[in-house]
Amino acid sequence: MSSPQIVWLRRDLRMADQPALYAAAQAGPVIPVYVFDQDRAGDHAYGGASKVWLHHSLESLGKSYGARNSRIVLRRGDAPQVLAALADETGATCIHAMRHYEPWWKEAEDELRDALGEDTKLCLYDGNYLLPPGSVTTGSGDPYKIYTPFSKAMLERLPPRDPLPEPGTIHSPDGWPESDELADWDLLPTKPDWAGGIRDFWDFGEDAAHDRLEWWTDVVAEYDEGRNLPSEDITSRLSPHLHWGEISPAQVWHKLKDKRSDGWKTYAKEVIWRDYTQNVIDQFPDYPTQSYRDYDERTLWRNPNAGHLIAQDLECWQKGMTGYPIVDAGMRQLWQTGWMHNRVRMICASFLVKHLLIDWRFGEQWYWDCLVDADYGNNGVNWQWISGTGVDSNMFVRIMAPLTQSEKFDAAAYIREYVPELADLDDACIHDPPDDRRGDYPVKMIGHKEARERALEAYRSSKD
Ligand SMILES: Cc1cc2nc3c(=O)[nH]c(=O)nc-3n(C[C@H](O)[C@H](O)[C@H](O)COP(=O)(O)OP(=O)(O)OC[C@H]3O[C@@H](n4cnc5c(N)ncnc54)[C@H](O)[C@@H]3O)c2cc1C
């Protein structure tokens, strides 16, 4: 019998269109392994909401392997060392893995290559993005920094390749290596169990991702009109499924390819944004922690570590107690469900960095901890885009007006759902309730006009 093949699972928790699994299954008996390596990513170790999703996703994938008379081996520790030891233990001749572009995973891939004995090789595959990050370049071969030209160049090269099926047979090894119990990893919160809202809002795993995609095929035509309306359910909500690799973007693309509406065209550009952010972190690995413009950041930002009033401002934002209903609805949706509507993600992020003048990295970290789709590239690139501190074309002086946005995008029902203190207010005043209609709900932390002037002044000083 041929020698065992290890499949190293990371954010690729699916059976179909999983090139690493597909290749391994053709080469010999398969040992799928997930290594929980919490220390490797430093500031970007799994956040609380990510751990909840990871637990349920592994549980679901474990059942899929179980139905194929296989299983996932769970191990904890430094991924390259654990995998190299497992290859020795099992006599595996190849570790198959999907390529990941976060800097700590690229480093781990290099370390693993060095740690493997000469009888074992590492085979890497692309497939978590429409096209391999780094492969879409300008005429002179340089990677793109700005979204619009990147997107145009990508559209010329799409569609992505056809998705692969699940492997026909998955042979088991003669003996299974020992595995941890998933429950022992303590990924789920218990004291207290704050994850009830996440469980209510989501179904986890590959089947759930495909169910949602099936639903989305009927709704995508409305995306152009509806995607900015937080009160409506007119976005795909596939982001955590895509992030954890429960579904591939190629599967999404090919499923929708006959739905050539304006909604689909706009939707395709959003999925391309996901490829774009990987292209950015592939070029600038520290992008989610490092500003790329020449502001004097000591003058620009108010630092929550430097004064308790600024720390209190940060806390009001985190808890959804700013006095701006649309901002508070968004921050509470995030806390309860692990997700926030894109329009509101922008409004809340802009509020932190422009209205409160708090360094975007504090917001990036909060979203990182709370989002079930927390993604190094998507989160970091979008925060820099909102802050106007990145390599893209957006400017700091573009300041979103939360109250106008709330009215324009008809957020009344959304506010009623997530800010129940205001549920009795009518549409005319719910976006900006007069002080005598607020009850226990807080007054605004700062007026919009005052905040705008303060932000512009800080910006001017930071450029002096
Ligand atoms: C400050 C901020 C932080 C963000 N952090 C994350 C994050 O950590 N993880 C994440 O997946 N998205 C992030 N986004 C992007 C976007 O808000 C979410 O992808 C989207 O809201 C997910 O909902 P959906 O699946 O219904 O999206 P849809 O509108 O249905 O879009 C389809 C898919 O395209 C991708 N996508 C859409 N918009 C973007 C975008 N602006 N950038 C990159 N990819 C996009 C997502 O994979 C999404 O599932 C962030 C946006 C902002 C403004």
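Any Cβ shown, glycine's included, is placed from N, Cα and C.
Heads up, TrEMBL stuff is auto-annotated, nobody curated it.
As the structure is a computational prediction, the values presented were derived from the model and not from experiment.
TrEMBL annotates Tyr223, Thr235, Ser236, Arg237, Leu238, Ser239, Asp373, Ala374, Asp375 as FAD-binding residues; of Tyr267, Tyr276, the candidate listed for that same site is Tyr267. Only Ser236, Leu238, Ala374, Trp383, of the recorded positions Tyr223, Ser236, Leu238, Ala374, Trp383, place a Cβ under 6 Å from an atom of ligand 1. When the binding-site residues Tyr223, Leu238, Ala374 are ranked by how far their Cα is from the Cα of Trp360 (site 'Electron transfer via tryptophanyl radical'), Ala374 comes first.
For the binding site of FAD, formed by Tyr223, Thr235, Ser236, Arg237, Leu238, Ser239, Tyr267, Asp373, Ala374, Asp375 according to the record, the largest Cα to Cα distance is 23 Å, rounded to a whole number. Under DSSP, Tyr267 (FAD binding site) is assigned to a helix (H, G or I) in the three-state scheme.
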